[in-house]
2 protein chains.
Amino acid sequence: MIKLSTSDPAFGRAFTTLVNARREADADVARDVRTIVASVRDEGDAALAAFTKKFDHHDLNETGWRIEKSEWLAAYEGLDPALRDALNLAAERITAYHEKQRPSDSDTTDAAGVRLGARWNAIQAAGIYIPGGRAAYPSSVLMNAIPARVAGVERIAMVTPTPNGEINPLVLAAAHIAGVTEMWRIGGAQAIAALAYGTGRIAPVDVITGPGNAWVAEAKRQLYGVVGIDMVAGPSEIVVVADGQNDANWIAADLLSQSEHDPTSQSILFTDDAAFAQRVADAVDLQIGTLSTAQTARTAWDANGAIIVTASLEEALPLVDRLAPEHLELACDNPQALFDRVRHAGSVFMGRHTPEAIGDYVAGPNHVLPTGRRARFASGLSVLDFMKRTSFLQLDPASLAAIGPAAVALAEAEGLPAHARSVALRL
Amino acid sequence: MIKLSTSDPAFGRAFTTLVNARREADADVARDVRTIVASVRDEGDAALAAFTKKFDHHDLNETGWRIEKSEWLAAYEGLDPALRDALNLAAERITAYHEKQRPSDSDTTDAAGVRLGARWNAIQAAGIYIPGGRAAYPSSVLMNAIPARVAGVERIAMVTPTPNGEINPLVLAAAHIAGVTEMWRIGGAQAIAALAYGTGRIAPVDVITGPGNAWVAEAKRQLYGVVGIDMVAGPSEIVVVADGQNDANWIAADLLSQSEHDPTSQSILFTDDAAFAQRVADAVDLQIGTLSTAQTARTAWDANGAIIVTASLEEALPLVDRLAPEHLELACDNPQALFDRVRHAGSVFMGRHTPEAIGDYVAGPNHVLPTGRRARFASGLSVLDFMKRTSFLQLDPASLAAIGPAAVALAEAEGLPAHARSVALRL
């Protein structure tokens, strides 16, 4: 963890280093992924079985390729009732939030008599990647599959690796709740390639979303264009802007809730109170040892944690915009005044009683958010990622006469005579 | 050009071949682009000058790096008045259409007392790529820059190669009209890399859009994630669904208006009238020789043209969906009935008096559209491509008490104790 203060003359340079720090996986991965993707494209199921044997240590022809719906239902029914209720509450709230994202069609006729509009349709098939092993999160199933279902996608194909054949029953239960329509026991770059190109067994999809390791992320990046993808995802991040009136233990827990995700996760506190900064640092040190995720949290906090003391909370805001964080907490009495001055953040958590983790599970907004400063240009996952828009036009002889000559003039100026003729013949 | 009929027993296989035909550039380009991108990232302006000397045959330090606003204004004022009026009409209509795309924010409090919402902001800087030489189209300037301006983007940086130092005055005039804020005399993959990473002279942007050759398209693909991009673009396409009551010359001109773009462009006619099909084929042959773009149009029509006779217009629609074309004309008396049954198309042109070219210039909808079957999952360029959404949440003790326990249960089940603690401490 580094401690910085905006009053330090060297602050500018130190903060720029923090902003530009790259925490993402690198080029060796790209070559491996190219090989895997080409194999699956060319050899289909045979390549898929071979890579699964190699990386996940099980034989798909023995364990089965699909995970059947009866298994999801059994997992759902076998859940601890409190957990089942929690998953259902989360699914309901996520569904309610995403239903408001459905876009409206338009269809108008303007003064020139030109009918213009746009119509939205769902994609037909979505692929959802869910990691196996430690990072097998049922909340990821809900956050990826529910927007697709709300969009109206008919086919939601989930893939998840089952290392040594093992499956997490919570993930199966979440798939049951979220409206997944088929599930495959595959993972890694090979699963992304299978979804994009299709294989003998698995039909291709139109859009692939969901978290994954560096190989999965790189496969999605390479196949962007063959299919749509949600985004290029990196390690998770939180920025907390907090005054000295907060409970240091609460803020320490918030910072650690990102640090415990991954050794490359980043947690940054801005505060205008140097004594509070120290209390939070101490609270982090005290709490960290008590976590079952202590090793990951400590590595991440040591390498990527930061506490930055500012002259005022307002002074932090342009610095926050430079970081364009995935998650931003504004822990103060009038968070709206600060929020009004923030431009770049994936999701914002306002006030002292809105810990980021509430948004990871049950609040409703999506937890799939832009990382690595991509909130400058990207948004969280939404219903729109599973829909596409068709624009349309209808002219009649009068409206074509009104605007057609300008089109002819421009087409001729661009040296495109058939364009010009297709309009001119109708005038 | 191939002629097919759905009544032919071999139709299914022949149509599948047509759907799967790849008309896009390939893997050698990717390696060259990686080298160029890395050079510009590491060496900035020096690499940019060297590549410009090599590919565009001029010395940036002699011709100047920027094209100054005074030059755009002079180009605008020097335009033929009819052309200036046409450009202004196009800009007004494109602006009006795109203003309706501005998204709405949301901010509500639900039954549990949780405040939830989403707020849209414009990105800060957009990069617009405009090809030089033959394909230097002022309409592309309008179609890319106007949505950015409507979104509220402050900085719109246009790059365009000027082979041997030459510039197209129409492109400059269009930049003046469209609200471009700076212009650079660079092109190719090196220009994309400069916009993405920034150089000493050129500040980095957040989103890059605009058409380009295979190197430009590949550079955008490789830099997706560093910046946002509009889409992976391929050769242009048109599908026309027409009954026998159309003027064969009109439809022939429509087909040729895509064929003349590029040797890889694709034009396909579906009709339920075999005699009409033959009349269109004959009209294409007659018209093609009269075009100044005859060579390109003939190459494209011969290699990628198709006329498909169906039993009815309705029978064509599922086939159109498989092609998911960039442009779709429905040339018949009741186009709405057909449109209601189309799911995958970038833009649709309804009725006998709506040639596709009217949408290229002055109608209003964007002409930057998904190609290569990407209308299955992608949309045309819009104001949304230059904006991003921040979700937000605000809870108080009562609403946290209502939904917090479910978050704690899920966090514990996922093995993330700091997540659970950050909520539990506040309960």
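Just so it is clear, glycine is given a Cβ too, placed from its N, Cα and C backbone atoms.
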Exercise for the section: According to TrEMBL, B:Q258, B:H261, B:H327, B:D360, B:E414, B:H419 bind substrate; so which of B:S236, B:S379, B:S399 is the extra one listed there? Expected result: B:S236
Problem - Fewest Cβ neighbours within 10 Å, where candidates are the binding-site residues B:Q190, B:N213, B:S236, B:Q258 - result: B:N213
Completion exercise
Listed in sequence order, the recorded positions from B:Q190, B:E326, B:D360, B:E414, B:H419 whose CB sits under 8 Å of a chain A CB are B:D360, B:E414, B:H419
Practice task
Do me a favour and check the Cα-Cα span between B:S236 (substrate binding site) and B:Q190 (NAD(+) binding site); whole Å is fine.
Solution key: 24
Handout entry: Greatest inter-residue Cα distance in Å for the substrate-binding set B:S236, B:Q258, B:H261, B:H327, B:D360, B:E414, B:H419
Key = 55
Handout entry: Separation of alpha carbons, B:H261 (substrate binding site) and B:Q190 (NAD(+) binding site) (Å)
Key = 24
Exercise for the section: Work out how many Å separate B:D360 (substrate binding site) and B:E326 (active site, proton acceptor) at their Cα atoms, rounded off. Expected result: 12
Handout entry: Cα-to-Cα gap, B:Q258 (substrate binding site) vs B:E326 (active site, proton acceptor), nearest whole Å
Key = 11
Exercise for the section: Rank the recorded positions B:E326, B:D360, B:E414 by the number of other Cβ atoms within 10 Å of each Cβ, and give the residue at the low end. Expected result: B:E414
Exercise for the section: Would you kindly give the Cα-Cα distance separating B:Y129 (NAD(+) binding site) and B:H419 (substrate binding site), rounded to the nearest Å? Expected result: 44
Practice task
Would you mind listing, in sequence order, the residues at least six apart from B:H327 (substrate binding site) in the same chain with a Cβ closer than 8 Å to its Cβ?
Solution key: B:S236, B:E237, B:I238, B:V239, B:Q258, B:A345, B:G346, B:S347, B:F349, B:E356, B:G359, B:L369
